[in-house]
Amino acid sequence: MLAYKITSRLCPCSLAHSHCAPVQVSLFSSNLVRRNNFRGLSSRKILPSLLSRFKVPAFVRKLETVAVDSISCSIPTRGSKAVGFWLAGCSGMVFGAVALGGVTRLTESGLSMVSWKLTGEKLPLTEVEWKSEFEKYQEYPEFKLKNQNISLAEFKWIWYMEYGHRMWGRLLGAVFLIPATYFWSRGYFNSSLKRRTIIFTSLIGAQGLLGWYMVKSGLEDRFHEPSDVPRVSQYRLAAHLTMAFTLYSLFLWSTLDQLLPSMSFKEISPSLRKLRAVTHSTKGLVFLTAISGAFVAGLDAGLVYNSFPKMADRWIPQDLFAFSPILRNFTENPTTTQFVHRILGISTLSVASGMWLLSRRCHLPHRAALAANAVAAVAWFQVALGITTLLLYVPVPVAALHQSNSLILLSCAIWLSHELKNVKRIIK
């Protein structure tokens, strides 16, 4: 009789849904620990000991692996909802920073501020202060080689764009650090969240420093060839975007851990494990394609070969490997970077579509099925945006949406992989 009581606590509705009430299992087990001298045993040993002592039937023992995993992994920490919403807010702040950074790059506003201070630059308020700031800008390559005819009013506009991006980053730091200090001091973090908080803090700090290191590359006196255009290093731009995407991915995954814990599966079939592998491949391709887009943006490669699917009536352009050595073309040749970005985009769409078809053959929970549909739909929309951006010669609104949508696509892929993370646990 006790065996049936244990399983009913695992799931009041049926034995199939082992994810429904892990907290009730923990509370129920704690009472039995006190009554049956199981003190000192870990959560992974309590349930097997109970099953052994009370001679639980074999069919119940098959639930042991899933039940023990639920006890050890799914117990919510103190204030998990508050922590989850805070992490979700930090994810949104990083998303906003990426979107603002994309618009700043597309409007060529990033080199308007020629100095950097940790605590923030002073906002010019008077005409004299604005003229002083404008005079500083006039000492650097972008004004000398490209913007000699820019007016003070036009300068104010690009300065505000860069200022907004920087202040958003500082606001992100405050939104993260102040609640993190409170939650840590009140004991809301378990050991895993404490480690992640340290990683988040390091990444946010490094991201700010890397942003200024990137801007400095566009202020240096290194543009001497007639065809040179003052702009930031595409390598540093790609590193800056990579760190932003990494930070966002970690924040989002941690948010899902707190607010939408992944569910256990009644049956783990080979097709389900294959779906999980393909989902990870899709996620990796989305990430890699986005980073290749940073090289496209850094080299203004979207302004060459504005045709699709061919490039100037050729499937493979003649200047694909114009630079020597050959590897240099992949990061410095606008033609090659655009070609690689096209190939990666098409590959991502193909894998995402295959993942969706495979998901239709699996019996997925509602949330996982919804995530799979979202990945496929957003992937098709992203490719359509990319082609539109190319054919229209990179209009700022469409190009900015294309960049932001890449992060939405990555979010959907992360969501799906999080829903499937328990697939690796095979019931023995």
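Cβ atoms here come from the backbone N, Cα and C positions, even for glycine.
Here TrEMBL flags 83-103 (among others) as transmembrane segment.
Annotation comment: TrEMBL describes 167-185 (among others) as transmembrane segment. If you look at the transmembrane segment (167-185), the same-chain residues 6 or more away from its ends with a CB under 8 A from one of its CBs are 79, 82-83, 86, 89-90, 93-94, 96-97, 100, 120, 194, 197, 200-201, 204-205, 207-208, 211.
Positions annotated as transmembrane segment by TrEMBL: 197-215 (among others). Remote same-chain partners of the transmembrane segment (197-215), defined as residues 6 or more beyond its termini with a Cβ less than 8 Å from a stretch Cβ, comprise 90, 110-111, 113, 116, 118, 166, 169-170, 172-173, 176-177, 180, 184, 189, 232-233, 236-237, 239-240, 243-244, 246-247, 250-251.
Annotation source TrEMBL lists transmembrane segment at 235-256 (among others).
Long-range contacts of the transmembrane segment (284-305) within the same chain: residues 102, 105-106, 229, 231-235, 237-238, 240-242, 245, 249, 311-312, 317, 331-335, 337-338, 340-341, 344-345, 347-348, 351-352, 379, 389-390, 393-394, 399, 403, 406-407, 409-410, 413, each at least 6 residues beyond the stretch ends and with a Cβ under 8 Å from a Cβ of the stretch. The transmembrane segment annotation in TrEMBL covers 284-305 (among others).
The transmembrane segment annotation in TrEMBL covers 339-358 (among others).
The transmembrane segment annotation in TrEMBL covers 370-394 (among others).
Feature annotation from TrEMBL assigns transmembrane segment to 400-418 (among others). Residues 95, 98-99, 102-103, 106, 245, 248-249, 252-253, 256-257, 260, 262, 276, 279-280, 282-283, 286-287, 289-290, 293, 297, 352, 368, 371-372, 374-375, 378-379, 381-382, 385-386, 388-389 of the same chain lie 6+ residues outside the transmembrane segment (400-418) yet bring a C-beta within less than 8 angstroms of a C-beta in it.
The transmembrane segment (370-394) shares more Cβ pairs under 8 Å with 339-358 than with any other stretch in the list 83-103, 235-256, 339-358.
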